Each structure stands twice: as structure tokens, then as C-alpha cells.
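Straight from TrEMBL, the features:
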- B:1-20: signal peptide (SIGNAL)
- B:37-86: domain 'NADH-Ubiquinone oxidoreductase (complex I) chain 5 N-terminal' (DOMAIN)
- B:85-102: transmembrane segment (TRANSMEM)
- B:102-371: domain 'NADH:quinone oxidoreductase/Mrp antiporter transmembrane' (DOMAIN)
- B:147-165: transmembrane segment (TRANSMEM)
- B:211-227: transmembrane segment (TRANSMEM)
- B:233-255: transmembrane segment (TRANSMEM)
- B:267-292: transmembrane segment (TRANSMEM)
- B:298-315: transmembrane segment (TRANSMEM)
- B:327-352: transmembrane segment (TRANSMEM)
- B:372-393: transmembrane segment (TRANSMEM)
- B:387-567: domain 'NADH dehydrogenase subunit 5 C-terminal' (DOMAIN)
- B:414-438: transmembrane segment (TRANSMEM)
- B:450-470: transmembrane segment (TRANSMEM)
- B:482-503: transmembrane segment (TRANSMEM)
- B:550-567: transmembrane segment (TRANSMEM)
Amino acid sequence: MTIFNFWLFVPLFCLCCGLLAFVGKRKHLLNVLLSLEFIMVNIFWFMAQAFGHLGSDLYFVLFFLTLAACEGALALALLVSIVRSHGSDNFGSFNVLSC
Amino acid sequence: MNLSSMVFLLLVSICSLITSLNLLSSGCCYFMDWELISINSASVEMALIIDWMSMMFMSFVCFISSMVLFYSGGYMSGDYNIGRFMYLVLGFVLSMLLLIISPNMISILLGWDGLGLVSYALVIYYQNEKSAGAGMLTALSNRVGDVAILLSISLMLSLGGWNFYFYVGEESLNSSYVVFLVVLAAMTKSAQIPFSAWLPAAMAAPTPVSALVHSSTLVTAGVYLLIRFHSSLMTSFASTLLLLLGCLTMFMAGLGANFETDLKKIIALSTLSQLGVMITILSLGWATLAFFHLLTHALFKALLFMCAGSIIHSVGDYQDIRMMGGLVNFMPISVVCINLANLALCGFPFLAGFYSKDLILEVAFLNPLNEICFWLLALATGLTVCYSFRLVYYSLSGDYNLSSVSFVSDSETLMTWPMLGLSIGAVVGGSAVSWLVFPSPTMICLTLSMKLLALVVSLVGGFIGYVLNLMVENYKLNSLQFYPVVVFSGSMWFMPLLSTIGISRGVLAGGFVYTQLGDGGWSEYYGGQGIYSTLMKSSGYLQAIQENSIKTYLIILLIWLVGLLLII
């Protein structure tokens, strides 16, 4: 693994933390979406470092960043819609079985 | 509508009478069949038979029904459902004609079941509880006969076809039980002794229905079937059975009519008695005589019912003869016709009934007959005259027993013209048919006492019937001294009670218990409602279990992913 660096463990570790936060947070949807963004940012960091050491095609990371931003906007739109329909973003107020 | 149907049926009657005269003189018989399906050489056909017997019967049926339909335009006028009534009566005539012209056991079922069904619909025409009970009794009694015919259809499969016209008298038909089943069917349809409860009960129908159905066509369908089967009948035990049952029916009905107070029930029991006469002479082997009596009886019995309807209509729709009287002063045409019908029934010389009844009696006395049947025949003849004259006293010539304000008149021409038409038939019908059907007279050789027996018995019966029933208000009721005998005779030997209450009371009570315990209880607990509540409760549990946050599932997902990664 020629592009492997010791410092790549940091974004990897942070990714796992973000994943844990994604499944672990049980109260607010905003936290879940925040953790999702955190995962995206760490993947961006990981990709940027990996592509930088490769020396070329660093612009791929821009594609990813654009998509992450769109996803964030979409998540916020969904949050707004949920808050409008359920009244709050508490997980208890929207369970799987009811409409 | 009654006018058009009357004209149509009258034309059909005249055409079939001419056809029957042609066929009588030429001796031809036309058999048309249409094979529907052939299963391994047993062929199911729709067959028609045009011979003199079926054509003559058809002409009489059509003539009587045309008169009855015209009459019911007057009797049922003002009724809200008269259209339904007319269609039902026409449907009845259609079923009867289908029965008359079919020599095939399967196609006779079309007419036979049709008769039972349409007569049920006609009996329940007035929608009250009594008609409902009477209709159910009629339909279920006739149903027993339908079942017998269905069983005989299945038994006739071994004969290779169902055209019984060709198989009667053959050994193959005699050796099977088809004859007994046909006898059972005829007994239920013609109301012989075990099954005679329905005929007086069916008087809950409107009077034109009684005139057509219960006097001339429905109840004679059984006799007609037996006439078609008579060659097979003679060779089996069924003829002895029929002789005894016919004589008993004849006697019981004649006795019962003497104690009955409802006008239509008297005439119904009179019909039953004459049916017994027909069955008796048929079982002695004289099928053509039975057919002759069938035809003449149809004429004067329909006339009798129509006159009774005219009387009932004018006294204000009640049928108790103790409330009628002195009608001879007010309704001359009806009284003339009812007199003609009564005298024809009694066998007054040279009217319609004389030719058939007198010939039947003489031929029966010629045959080797056992003594019970002999005395029953003689007594029944006397009883016939007895109740006829009793009826004449109570309704026509006695004192005026109606209410103080009444309108008794013969002003309805729609009712009087058909009566006059049928009375022509009652006067000339007997002689005309006898000269047609019996080309040469039978040789009767009897002793003087036997020859006079019919005459003496009739005169004595008439005298008894009139004198014994003379009633003034302060007379003692003599029948109270013989009360058990009177009740026994007047209620048809308790057979209607036995066959209805005996069977249905326990069954209905059991049905009520089942409805309470079963249909409203355990059957619901283990069936519909129980399963419903169990399903609802268990799915409620499942819903409560599954009511979690999404995060639980996401955590589980992550654990599985991490586990997979660690393993792999």
C-alpha cells in the first residue's frame, strides 16, 4: 500500500465515531444529520489525503464534496418537512408503524 | 289481460280438441323428440307426445283455465297485484301442458316441479300467516313426489332411456322399483291418504286458483301419470296398495266433508273423494274410465269452485256456510250453476257426472272386489250426495243467516259468463266424451240389487244429508252427544295433525335451542366473532412489540456489519 500513511487513521477513526453517533443518538434527528455530515467530511479528508499522495486527479474530491453538500441540503429539507408534519424532531414522535 | 288470455287459451283448447278428435278417429300418435345428450347410449331427450289422450286433456285444461282466467278478472278486480296473479296462473297452465305432452321422465319433471312451485306461489298469494303455512304444507308434500320422480330417473338409467311411454308394460320396467316411486309421486300430488293434509289447507289460495289448480289440474296430474303407467301398475303389488288407499281416501274425505263448515274446504274434500274414486278405478285396471272421470270431474268441479267464489264474493268474503242461507232468492245464476255442478257431482242422470260415475260403479261391482272396498265405494257414493245436499241446505235453501245489511247479487258479468260456459260443459261434457272415448258400450251384467245400489244409496244419502241438517235456532246440537266421533271424522282422521305437528314441533323446538346455544353461542365463540377477537388481540400484541424507535434497528444493523467485518 504505497499511499498508506499513518495519518490516515485519524479520518478513519473519526468516520467510525461518526457512524456510532449516527446509530447511537436517540433523541434528535438534527444530531443524526449532523453525524451524517461529519461522516461525509471525514471521508472527504480521507479521500483528499489519499489522492494527494497519488499526485494526480485530485479534482475527484470536488465531485464528492458537491454531492455531500447536496445531501446536506436534502437532509435539511427532510428535517424541515418532518418537523412540519410531526411537530418536533423527536424520534419518539415518529415511529415506524404509524403514518 | 284476462280477456286476451282467455281468447288465446280458448283457441288452443278448440285446436287441441279438433286434433284429439282426428287422432281418435285415425288412431295415430305423434312422437317428437330432440336428443340433448347421449351418455354411453343412454339418451337424454326432450320429447313430446301428441296422442288423443294428451290432446283431449290439454283441451279440457285450456278450456277450464280460459274460463277461470276470465272469471278472475271479475273476482280479483281491484286487487293491487292482479298482473302477478295472471302471470302465475299462466305459468301454471304452461307447466301443466308441459306435463301433459311429455312421455319422458326427465321432461315430465319440468312440468311436475313447475306445478309444485307455481302452486306454492299461488297459495301464498294472500300474504298472511295462514297462507304461508298452507303454502309450505303444499310445497313440501309435493316435494316428496318430486324426490320420488328424481329417484325414478336415476333408476331408469338402467333401461337405456327415459321415455317411459315405451317401457310401460315391459318386464324391464316392472322388475324395478320405478313403479313404486311413480306411485309415491302420484300419491303425493293427488293427495291420497298419507299425504292428504295439503289439499284442504291449500284452500287459503284465492278461489280462481282453487278452481283451476286444486280441482282439475294439479291434483289430477298424479292420476294422469298413473294412467300413463297403468300397464306396469297392473302387474305389481302397487295396484292392491292403490286400491286400498284410494277407497280409504274416498271414504275419509266424504265423511269429513259432512262435518266441515268452511265452504271451500267442503269442496276440497269433495275433490279428494273424487280423486279417490279415480285412483280406485285405475287400480282395478280401467285406465280409460279413470281418464274419463278425470275429465268430467274437472268440468263440474271447476264450476263448483267458481260458483263458491261468486257466493263468497257477494256475502262479503267469509266462507262459513253457517253464515249463508237463502241465497236462491238473490243470486239465481250462481244458484243454477251450483245446482248443476252439485247434481253432476252426485251422478244425476244424464249430466256429466252420471256417465263416468255410474259406469265406474257398475264396472267396479263387476270386478272381483273385496268386501271392504265394495262397502267403501257404496258408502262414499252415498256420502257424496249427503254432503252435496247439506251444502245446498246451508247455503242456498235454508234460512237467511247473513248480517242485516248485505248486498247479495249476481251483478258481476265477468263472473257469471264463465260459469255459464262451464255449465254447458258440465251438462254435455259427460255424454260427449263418453261417445268419443268408448266407441262401443261395455256389457254390464249385474244383479238387480247391485244395479239399484248406486241409485238407492244416492237417494238415501241425499235424504239424510238434507233432513239431518235441518236447523232451527233452539234445536239441541246432536253432534255433541257423539263428539269424539264427530271430531275424528271431521278432522280427516287426525292425519294432518299427525303429519304436521308430530313432525315439526320437536324439530322447531330443537332449532330454537340450536339458534340460542349454537348460532348465538358456541358457534360464534369458535367461529366468526371468536376468531375476530383473537386476531385483533394478537395483532395488537405484535404492534406493541414492534413499536420501537428506528434507532434500535440501526444499532442492530451496525452491530451486524461490524461483526461481519470482524469475522471476515
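Placement of Cβ uses the backbone N, Cα and C atoms for every residue, glycine included.
Helix, strand and coil counts under DSSP for the domain 'NADH-Ubiquinone oxidoreductase (complex I) chain 5 N-terminal' (B:37-86) come to 29 helix, 12 strand, 9 coil.
Listed as Cβ neighbours of the transmembrane segment (B:372-393) (distance under 8 Å, sequence separation of 6 or more from its ends, same chain) are residues 243-244, 247-248, 250-251, 254-255, 257-258, 263, 266, 269-270, 273-274, 276-277, 280, 321, 338-339, 342-343, 345-347, 357, 361, 364-365, 453-454, 457-462, 464-466, 468-470. Ranked by number of Cβ pairs under 8 Å to the transmembrane segment (B:233-255), the listed stretches B:147-165, B:298-315, B:450-470, B:482-503, B:550-567 are led by B:482-503. Listed stretches B:267-292, B:327-352, B:550-567 were compared with the transmembrane segment (B:298-315); the greatest number of C-beta pairs under 8 angstroms is found for B:327-352. Nonlocal intrachain contacts for the transmembrane segment (B:267-292), taken as residues 6+ away from its ends with a CB within less than 8 angstroms of a stretch CB, comprise 53, 57, 190-192, 196, 199-200, 202-203, 210, 214-215, 219-220, 223-224, 226-227, 230, 233-234, 238-243, 245-251, 253-254, 256-257, 260, 301, 304-305, 308, 345, 355-357, 359-360, 363-364, 367, 369, 373, 377, 380, 383-384, 387-388, 433-434, 437-438, 492.
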